[in-house]
Every structure is written in C-alpha cells, then in structure tokens.
Amino acid sequence: MKLFHLFSFFAAYLVADSSDVENSVGQFFSSGHTNNWAVLVCTSRFWFNYRHVANTLSVYRSVKRLGIPDSHIVLMLADDMACNHRNPKPATVFSHKNMELNVYGDDVEVDYRGYEVTVENFLRVLTGRLPLSTPRSKRLLSDDRSNILIYLTGHGGNGFLKFQDSEEISNVELADAFEQMWQKRRYNELLFIIDTCQGASMYERFYSPNIMALASSQVGEDSLSHQPDLAIGVHLMDRYTFYLLEFLEDIHPASKANMNDLFKVCPKSQCVSTPGHRTDLFLRDPGSVLITDFFGSVRKVEITTEAINLTDPIQQQEESSVSEDANKEMYSYVDQLPVSEIIHQKPKQKDWHPPDGFILGLWTLILLVFFKTYGIKHLKHIF
Amino acid sequence: MATAEVERRRGQLAALSIAAVVIVVGVPLWWRTTETYRAWLPVSQIRELAKLQLQLSADVEVVLARGTVTPEQQKKVPLTQTREEEHAVDEDTTLRYKYETRYRTATVMEEDALNKPTAAEADLSLHTLSESPCGSLVLYVIPQSYPLLPENVSVYVGQRRTALLRVGAQAGVGRTLEQLLAHLEPHIKQALRVMSFSHTDITAALSDRVRFNPGSKESVADSMRAFKSSPGYEITFSLLNPDPKSHQLRWDIEGGVQTYIQPLLTKLSSLANFSIDSQTLYYAVLGVNPRFDNSRGAYTLNADSLAHVINPVEARLGSNAASSNPVLNFLLYVPDAHHSPLYIQDHRKQEVPSNAFHSPRWGGIMVYNVDSFYGPEAAFPVDININMAKVMGVFLAQLRLLLGVPSSPPPPGFLVAPRGSAGIADWELDRLMWSRSVENIATATTTITSLAQLLDQIGNIVINDNIAEQVSSAVNSLQLAVAELEAGNLKFALEFSKEAILASEKAFFDPSLLHLLYFPDDQKFAIYIPLFLPMCVPILLSLLKIASEARQRRRERQTKKD
C-alpha cells in the first residue's frame, strides 16, 4: 500500500516536472517573433516643442534599456533640442522638472535628423522603398517574424499629423503604408503608439491584421503637456508619455507585465484627456501579450544538441606571391566632375508639357478676342 | 432689323464654336497632359500566377541486387512506374508530387561494390561508378544475406544521393514481380520521405502565401529558426575575450574558415552568396551573472538566463553597413579567469556537451573553457591556442540549422552516414534546394500579385518603364521556374526562382512607387474649380440660351402651322 502511494507520488512529480518543462519551452514560442524593431518619430521643430523631442527620447531610452540594440531602432528627430541656442543646459534633454532625468545621455544614435524627417522619408522607411545608397542604419530591415513598435509624437488633428510645420500625413496614408508592410510580410505584430492631440483619429483607418494601437486622446480632445521647468522655460514632457515612461521604468527584461497594464496607463484623472486603444485587428488576446514583446528584445534560444565531428587538420594558406602582382587591380577615384560628359551632352529627353498657365491664358485670350470683336453688348446673348 | 438678326446669328455661332473648341481640343489636351505615365504590365499573366499550381517531380531509381529477384522476375525488369499525389493547400495553391520510379537490376560493377564489407565503403565505391543528377535518388535493394548493414538497421542513407535498403528474406521467393514491388513500396516511400521533399517541408516553405496554423510547437520552432531565403548572407565570427589580462587568445580563424566552413559554403553557393568576416572583442561581458554550482565545482548558466545574454553583446557587435543581407553572428566566449569553467545547463539541469546555444534567425554562442590549459601558478597573461576543429564543429552544426538544412531525426531502422568534410550530404542539399525554390516562387508570386493589386488600386502612381521591365522579367522567370520544377530540373528551377525573386523585389521596392499622391476629393475640387468654372459658365449659359431659343422657335412654328 505504501509502495503504491510512493509510486503514485513519484509518478505525479515526474509528470509535473515534464509539464513544467513543456510550459517554459512553450512560453518561449508563444509569441511567434524572433526580433524586435522600433521606429520612434518626433515630428515637430522649434524650441517650444521641446516636449516632443523629450517624449521620443524617453521612449528611446526605455526601449534601449530593455534590450533593443541601436541597429534595430530607427530614431527620427525633427529638431535638435540638445544643441539648440536657447537650451540653458546644452547637450541635455530633460524629462523631469528640476532636471532630474537627462534622456539625451551620451549614447544616442539619431538616424534621421532635422529636415530629413519628412512624410516621404517616414513612408519610405516603413514601406522599404529607400534609394539603394541608404545605409543600413537608416533602413527598417524587418522580416515576417519581427515585432515592430512605432511611436509618433507631435502636433496632430482629426485625421492628420503635422510634420515640420509644413506638411502632414493623413490616417489613410498611414493605414495604406501598414497594408503595404503587411503585403510584403514586413512585420509579425505591430504596436502603434501616438501622443498628439486627437490621436485616436490616426488609428481609425487601420485595416491590416496584427496591429494594436494606443493613443493619448480621443477625437475632439487635446493631449496636454505635463509640467514646465522654469529654468529651461518650456514644458518638458507630455502627460501621456510621462506616465508611460513611469510605467516602463518598472519593467525589466524578465518582467511578465502584459498589455492590459499598458492600457491602464494615464487614466483621465492624470491625463485630462482619455487615452484610447484599438485591439480588434490583433489576433492574440492582449492579456497574453507581454510588454517586452514590443518594448524589449527577449531573444528565443535553443540549446545546440549536436556538433559535427571535424577531423581534418587546418590547411595552411599557401603564399601565392607571383600571381598576386598580375592580379593587382588598380583602383582610382570616380571623376567628380565629368567634364567630357557635360560638354558632349545630348539634349535630355523630356516629356513635353504645355507651358504653365497655358489653359488659363488660352481661354482668357479666346474670351477677350470674342468680346473685343463683337463688342461688350453681346454679353446679353450669353447671360 | 436684319443686322440684329445677323448679329444674333454671329453671337450664336461664336458661342457654339467656343464650346466646340473646348470640347474637341481642350478636354483631350487637359486629359493627356494630366494623366500619369503608366507602362503596360502583364496583368493577365500575373492573375494566372496568383493561382499557383506547383508540381514537384523526383526521379527515383531502384536497383535490385542479385538475390532479391528471381530469374523469371528479372526478365520483366527494367520497368518504370509513376506515382502522383495531389494536395490542395488552400483555394489558390495546389501541390502535386510526382515520383517516377525506374526499376532495374544491378550491373556487375555495382554488385562488386555492394559486396564490400561495410556500408560506408560500399557507398564510396558506388559513387565512383555513377553520378546522379540534382534532385534524383538511387536506392539499392539488397537481400537479407548481404552482411553490409548491421542487425537493427534496415536502411542506410549515404553521403550522396544513394541509400541501401535491406529487404526481408521472405520477400522475393514465390511472389510475382508486382507483389515484390508492392512489398517494396512502403519502404521506398519511407526512404523518400527522409531523403527527398516532404509535404511538411514544402508547406512550411509556402508560409508566405498561406497563413496556416502549424500543428505542434516543434513545427512552429522549426519554421522560426531558419533564415528566410535571401540572395546573400553575411556570416560574422566574433571572439569575445572579457579578460585579456589573464588570457591571450589566439585563434586561426582564417585557416579554420577555409578548412571547415568554406566547403559547406561552396556547396551551398547555388543557393546564395556568402560573405564572411571575423572580429575580436575585448572586455565584452555577458549580461548575466553565472552561478557557482558547488556540486560540479564550476559556474553554470541555466537555460532561462540564456535569453538575456545576447542583448548586451549585440550592442557591441559591428555589422557590415554596405549590404542589407541578413547577418549570422557566431560568438566564441572565453570566460574570464575568475568565472572559469563555465557550463551551460539545459532545462533538466544537465550539462550540454557542446556548451553552446543558438538563437533563431540570429546566430550562435559557444562557451569555450580554457582553465584546463594552465595551472594555478602560470604567469598571466597565458598564451592559449584555441582548438579550431572543436569550435568549428559546433559552429558548423549551428550554421546548418540556421540555414534551414532539414534536421528532423530519422525514423527507426534508419542509419544516416556521418556528414563528409563539407558538412552536408547531397540529398540534404537537394531537400534544401526544393524548399528554397518553392519558397522563392511563393514569395515572388505574392510580391508580384500584391504589386499589381496596389498599382491597380491607386491610379495616381507613375509606373516607369524600368518597373514594367522588372515585372515582366519576374513573371517570365516565374513561369520558367514552375516549368523546370515540373520537369524535375532542380538546379535550373532554383536559378530561375532566384532571378524571379530578385526582379520582383526590385520592382516592388523601387523608390519611385511611393504612394504619396493621395488626393482627397475636396482638394481636387478646390484646384479645378477656379481654373475651369470661369470659362465654363459663359459657355454653358450661352448653350442653354441657344437651346431655349431654338425650342421657342419650334413652338412658334408649331403654333404657326396650327
């Protein structure tokens, strides 16, 4: 009898142990992604939009701290606040008043800076349609197993986001860009966070699968800034991103916090605006999605169980000095100013366009001639 | 009175002629000058390609050795049989597998080769006799009496494209040829499942087209592990030395790569281009603190903490900024003197013999302990030569896994020959080529169809001639690739599929196809109304006046008649 009890206890322990192993293995592969990317964009320039740059840099800092390397982050800042002439503390960007936290630091890699941050470049980064000469650090080289975090901040309105105070991107264009990413399988899952006024309008038009979106305010509401710093003279952060940063400071790479916690960040009492989120396009249940699935980069690992037995000794490289001279290629610089091409240039084939204002001029001419010839009294035939 | 009539007539004629000029000359001129240039695309062919019907053919030659067939049966051989299987993956994709099996008896030279004492030697001498083309297989059926294979092994899979099948003693006697062949068929099928393309491999390769839910966690892990098909790969070997004050490490990386890795890459050169570089990093630490295990007297890293090792190191690794090819990183970590020796434990708390782990789609890390090379009273820094054969053995195994060489364990009764110096058997290369060709074709068809759909939907995008050229060449290569797959020419199919994918990617990612031209309707009206309204209003009103006058005159004429 005792033996039976002992045996059953032992068997139960074995079963529990193996299922535990299965569980931990299973958890690694529940999310289906193998790498993480982040695209962080600040779209406003001018000194008084300091808070937008601080927003973006705070998210950049959290994302780096949780493990995503610089090579997988595309950071776009539309203006340089750290070295702005009006910055009383140069080379710093603070996110707390009393200058508690410097989010600029000495390890910031900005990929698109200043006037390079345009709607065109942003869409090119997302869809991958960059010119061939673009370096690797400026590209979003994601594949079908990448989870991408996209964070936008700046000034926005109902259905658009302003870039550089001169152009705007509409929610339709953004939704189409995401659809093109989906068609080419450039993401596994996408988390879209936007901190602007009426931010929820930007995610209304999404129609591609596997996108989860968060916004700092609903349509018709304004997102407010958090606190000014009297020494610097501007508002340092926006409320939503401030509380988001506070939330992320508690997350470490092994944390098990999930998206439902992220949805609770910054309730109306703190944010004054009502943050919104959209999960209907997302296949997994948000409660099972870890924060580190998007903000961090927890790699999946497998133990290498076999090795190949190699028995050949290492071959020594033979010195081949004779043939080397013969094969030496001569390198030279490309001609900077190809004068010969300019002088003997053939006229470039251009499509013929009628000159500007042609149509307007044509009709004005016709009408003038008509009225001149037949006199102004013929107006009554027309009117 | 007459002049007024003449004046009125002139006015009417002028208005009518202006209207005529506007409609006949103006409108077509405006249309032509504001249309976007769209070169012609082979839309109908693209739509045909959207419905993908792939047929994969494999040539199998079954050689019956002496003793497996009786002389009467031998008369009916050689014969050929064809077997076809059809699978519908989803409503747009169907797969058909065709196996052409040729049965023949062994030649005298082959019999000599099969009489060798061990299977490995027999394999070697069989290779020297004939070279089977890419994608085909040769199965030698030997009777029970031959001492080639050990007791519990019924199939020996060679290094090239041959396998030795042992058939039971009671097979040949007293049966007709058809019965013998029917008896052999399940064994042949099983061998084909191991050595040639399998349904699971091919459906996994179609994952771009078909979003399907794989059954088990293992197949999810398998599909996530290997890199996707790419025209080139960058391989980087890094030596991490956190403690240069104690260890002065020397590794002959050039020789090691040349001897051990290059043969594999040369064999895989038909699949992709490989570029290799290496680096040494000093003072690079792992992100995790290893724990000291008293029972083993060594430091251990358990499996759960391995996931956090890679990130701090990755930030320090460089990457080749010139190309956008995927990078495979292989790191060799030599633990510092205070934390030596360092062992990796798996989930069951047992030591891993290779002391290495890999991350899907990233690379591998191996921990190399050097504490056994020197005693406690050695003078620091100690000169250490790293054993490249051991290191490269592990890296080679990881490289095979990451490149997608199929690695499922063989079914019971199968004995697979150890890999040669190249690290990959020919039949494994064939399997990889099958799945890569199918993957390339699937990806290229989805790219081309989505591009055609996109260009169709958005009327404002300009389609330049070079894009149309790329699309046509992609469609051409795709059709050729599918045809070559049907014919069973694996090498050509792979070539064409690579061309197709290059052309389709070039067309899809052309920088000129940026969809920036989104014009909401109200903006379109805002532009055209100030241009056209001022001139159209007089014309329309004068035409209306002419029409109403004509109607009035007709009514007068009617009343006059009455």
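Yeah, the Cβs are placed from backbone N, Cα and C, and that goes for glycine too.
Keep in mind that TrEMBL annotations are predicted by a computer and have not been checked by a curator.
These numbers come from a predicted model, not from an experiment.
Here TrEMBL flags A:1-18 as signal peptide.
Secondary structure at A:His155 (active site), as computed by DSSP, is coil. A 10 Å cutoff on Cβ-Cβ distances gives A:His155 (active site) a total of 17 other Cβ atoms nearby, all chains included. Among the features that TrEMBL reports, active site is placed at A:His155.
Other Cβ atoms within 10 Å of the Cβ of A:Cys197 (active site, nucleophile), summed over all protein chains shown, number 22. Sequence annotations record features per position, and here TrEMBL assigns active site, nucleophile to A:Cys197.
The transmembrane segment annotation in TrEMBL covers A:357-375.
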Integer Å distance between the CA atoms belonging to A:Cys197 (active site, nucleophile) and A:His155 (active site): 6
